[in-house]
Amino acid sequence: MPTPARIHVAHALHEVFGEGGRVPDIWDRELGEDAQLAQALLGLCLRRWGRLQAWVKPKLKDPDRGVPLGTRVSLAMGLAQLAWLPGVSDHAAVNESVDLAATRDLGFLPHKGLVNALLRRASKDRAALAAELDALPASLDRSPAVARALGAALAPHGAEGELEALWARLQQPPRPDFRLLEGEIPEGLVPVAGLPGCLCLEEGAPFPRPWLEAGGGMVQDRSSQALLAYQWERPVTRILDACAAPGGKTTTLARRHPGAAITALEVHPKRAARLRQTLEQRGVEARVIQADAAEWLEGNAAVFDLILLDAPCSGSGTLQKHPEWPWLKHDDLPRLTGLQRRLLSAAAERLAPGGLLIYAVCSWLPEEGIAHRDWLVEARPDLHPAEVWPAALGAEVDGRAGLSATFRPDPLRWEGEGFQGFAVRRA
Ligand SMILES: C[S@@+](CC[C@H](N)C(=O)[O-])C[C@H]1O[C@@H](n2cnc3c(N)ncnc32)[C@H](O)[C@@H]1O
C-alpha cells in the first residue's frame, strides 16, 4: 500500500490532469511530517509534467497509443523521486510507484509490469536519469495557456524575448512574504527593501506559524503590499473593499486610513464568515456584508472616497505558487472578464467626486486588466487615470515625478506575484 503522502499526491494529480481542477490550498493538511515530501513531489510532477511524459513516450511499445492517466501518474511520481529527490531510497521510489499502479482508481493494474520495468531500469543510474530529464526542452512543461500568460507578462516591458528567463524563475518554488502587524520582526524573516513592513522568509527558515497565530503578522505577497503603497493625499473617510475575503487588503486599508468607515463585501458565505472572523481577530473595524458586489452596489446609494476592487480573475499571475495553473481548463475567462466589467462599472458609479478607484487582478492577461481601464475611461469621461504608484516599487513610470497610473511590476525584476492594477480618480 503506498504511503498516505504519495496517495495524496496521486489524488491531486488526478484532480488536475483528469478533471482540470485546482489543488485545494489545504490538500496536505493531514500529512504531518510527510507534508514536506508530498509538497516537493507534487511540485516536481506539476512543474515538470511535460518532460516526464516525453521521457516515457519513446520507451513504450506503441508510443502513439494513449496511456491511461493512472499509468502516467505512477510513472511521473516514480521518476520525479528517482531524479530529483535524493533523500528517497530507490526501493521506496520504485516499489511505492508500482503499488500505486496497482491501486484501484489511482493506478492502472495492467501496466503494473511496465511501471516496474521502467522505474527499475531508471533507478540503476539516478544521476543519468536526472541529466536526461533536465536536458529535455523546458517548453515541454508549458501549456499554450502558460505561454500566452508569460507573453502577456513580458509585453508591457518590451521583454518578449525573455520568456525562458521568466519561466525559469517561475519554476522555482516560491518563498512566502509576510506583512508585519505588530511587535518585532521574528527570527527567520527579513525586510524586503523598499517596502516598509514587508518581510520575506529567509532561505531554509521554518514557516513562522506561531508568530502568525499570535497575530504578529499575516501572509501577504509583496505585490499586494506594493499595490497598497499607493500615494494619495486627499481625505479618505469612506472606503469600500468590494471583493474582500480573506481580508489581507482590508487589514492594510484600515491601517493606512485609521478612522475611515470601511465596508467590505464578499459574495461567498464561507469566505464572508472567515473574513468577519479574521478582521475581528486583528481588531479591524469594518462592516462586512455578504453580497454580490455588483448587485449590492447597483441597489445602494452609498458613495466612497476610496474603492478597492481586487477582482476575481484567472489567477495567471499566481502560477509560481499554483504550479497546476498551466494545466487547468481555462474555459472561464469570458465569464470572468464579463463579471470584472460589471463590478467595475457598478463601483465607478459609487465613487464620490474626487475619489480614487483602484482595480487589481493577480493576472497578466490584458483582457482582465489594462483593457478594462481603456474601456472604463472611454465610457466615463468623469474618470481620469490617477498616478499613484512609485516606480521604485516595480511599476512602470508613465507620469509625473516618477509615478504611474498603472501597476504592472516587471516580472523579470520583481519577485512578487504577477499583478495588474490601475487607478482612476473621479473629477
Ligand atoms: C482576489 S480575491 C480578494 C482577495 C482580498 N482582497 C485580499 O487581499 O485578501 C477575490 C474575492 O472576491 C470574491 N468574489 C467573487 N465574485 C464576487 C462578487 N460578485 N462580489 C463580491 N465578491 C466576489 C471571491 O470570493 C474572492 O474572495
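Just so it is clear, glycine is given a Cβ too, placed from its N, Cα and C backbone atoms.
A TrEMBL annotation is a machine prediction, not a hand-curated record.
Lifted from TrEMBL, the feature list:
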DOMAIN    142-427  domain 'SAM-dependent MTase RsmB/NOP-type'
BINDING   CYS243, ALA244, ALA245, PRO246, GLY247, GLY248, LYS249, GLU266, ASP292, ASP310  S-adenosyl-L-methionine binding site
ACT_SITE  CYS362  active site, nucleophile
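Annotated features taken from TrEMBL, shown on the structure.
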residue : record                               : DSSP (3 states)
CYS243  : S-adenosyl-L-methionine binding site : coil
LYS249  : S-adenosyl-L-methionine binding site : helix
ASP292  : S-adenosyl-L-methionine binding site : coil
CYS362  : active site, nucleophile             : coil
Sorry to bug you, but what's the C-alpha spacing from ASP292 (S-adenosyl-L-methionine binding site) to the residue listed as 'active site, nucleophile', rounded to the closest Å? 20
Taking the Cβ of GLY247 (S-adenosyl-L-methionine binding site) as centre, how many other Cβ atoms lie within 10 Å? 27
Can you count the other CB atoms that lie within 10 A of the CB of ASP292 (S-adenosyl-L-methionine binding site)? 16
Any idea what the model's mean pLDDT is for the domain 'SAM-dependent MTase RsmB/NOP-type' (142-427)? 94
Cβ-Cβ distance under 8 Å to CYS243 (S-adenosyl-L-methionine binding site), same chain, at least six residues away: LEU265, GLU266, VAL267, ALA293, LEU309, ASP310, ALA311, PRO312, LEU343
Given the S-adenosyl-L-methionine binding site residues CYS243, ALA244, ALA245, PRO246, GLY247, GLY248, LYS249, GLU266, ASP292, ASP310 in the record, what is the largest Cα to Cα distance, rounded to whole Å? 19
